[in-house]
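> Before anything else, here's the structure in question.
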């Protein structure tokens, strides 16, 4: 691949050089830090689009949950959107709750009122997300150590392709986007599409290309006497991306992967002020490691800001205020629908990585369309206007790493 990408003033060679020599070595190190190695995921949610016919039974599809004893105390005990030792300290939380009770005019609330407040808060929180969140069903969650969960192509790769084919039959973008097949993501009818629609297609295509590339790079080549041999499958890569094999679509799919990279890179540069505040310290319970993790993250932010060919998200939703807001909301809801598809993947390992990368992209979009809120963040206290949960932070960094 060579040349300039569509819809942005950036060439592929510049992205390759920037990633290879600046970003990739550092993002690899960051992914190995404890804060970014653990992810809570609900692998038991039913598929919302068609009847679920069971999960993959092959051992390579299975996700092994991390033992409770191995999870860092700050991650295991902390609230999903708390980052500091102070915020995770239960004694201080108890003191705060006690002070609220003593200072309140009327501390008695009916159960009905409490449930209503919870519903309101849940609704308010949901308005800011671009992907389906797993909620607070902690009993169903499994804490997964990323360092052990490499995405590999098992013999049931056909299950994934069948699922993708089913998606194209069930998912329709009624008013904003025409029906498209996610299995090929042909994108042949782009003529006349507005920027927002093109961006949506490219992001989904880039996400699909990323997953396919990882499957091709770590493929089950053969299994003899119970000893599997994994490695790159050039033939499979050619089938999915070669210009002749794909009728010219392969290179465009790979370019969409570069476009996805640019979107997530832009999000990292935009969210830097959120993490530069002293109130955020990536708390795991190990003070020395937490300090090193934040220093490395801030170093990566400095590199992302130095990139001179960022995608300009300001050109999106730039019409009249009412129309732009409506279009942005449709964009958000359609992407949220895509994220729900991951509950239909039969292979647990693929479902895990699908959820991770989808939530990472959703977090990137959330950041890009919250620039004003990020710029007005208070330095020494949590913000009500813009927040990221630990799940979103972990998903964003690991999705970009993929």
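Numbers run from 1 along the shown chain.
Positions of Cβ are set from backbone N, Cα and C atoms, glycine also.
TrEMBL annotations: computationally assigned, not manually curated.
Keep in mind it's a predicted model, so treat the numbers as computed, not measured.
Sequence annotations record features per position, and here TrEMBL assigns disulfide bond to 56-61, 96-131, 347-350. Here TrEMBL flags 205, 208, 240 as FAD binding site. Residues or ranges marked as active site, nucleophile in TrEMBL: 347. The active site feature in TrEMBL is assigned to 350.
Can you walk me through where each of these features ends up in the structure?
Around the Cβ of residue 61 (disulfide bond), the number of neighbouring Cβ atoms within 10 Å comes to 20.
Take the CB of residue 347 (active site, nucleophile) and look out to 10 A: across all protein chains shown you find 25 other CB atoms.
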> Nearest of the recorded positions to residue 205 (FAD binding site) by CA-CA distance, picking from 61, 347, 350?
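It is 350, whose Cα lies nearest.
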> For residue 350 (disulfide bond), find which of the recorded positions 61, 208, 240 come within 10 Å, Cα to Cα.
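Of everything listed, what lies within 10 Å of residue 350 (disulfide bond) (Cα to Cα) is 61.
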> What is the biggest Cα to Cα gap, in Å, among 205, 208, 240, the residues listed as binding FAD?
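In whole numbers, the farthest two Cα atoms are 12 Å apart.
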> Write out the long-range same-chain contacts of residue 240 (FAD binding site), meaning residues 6 or more apart in sequence whose Cβ is under 8 Å from its Cβ.
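For residue 240 (FAD binding site), the qualifying residues are 212, 216, 246, 250, 253.
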> Hey, how far is residue 347 (active site, nucleophile) from residue 61 (disulfide bond), Cα to Cα, in Å?
5
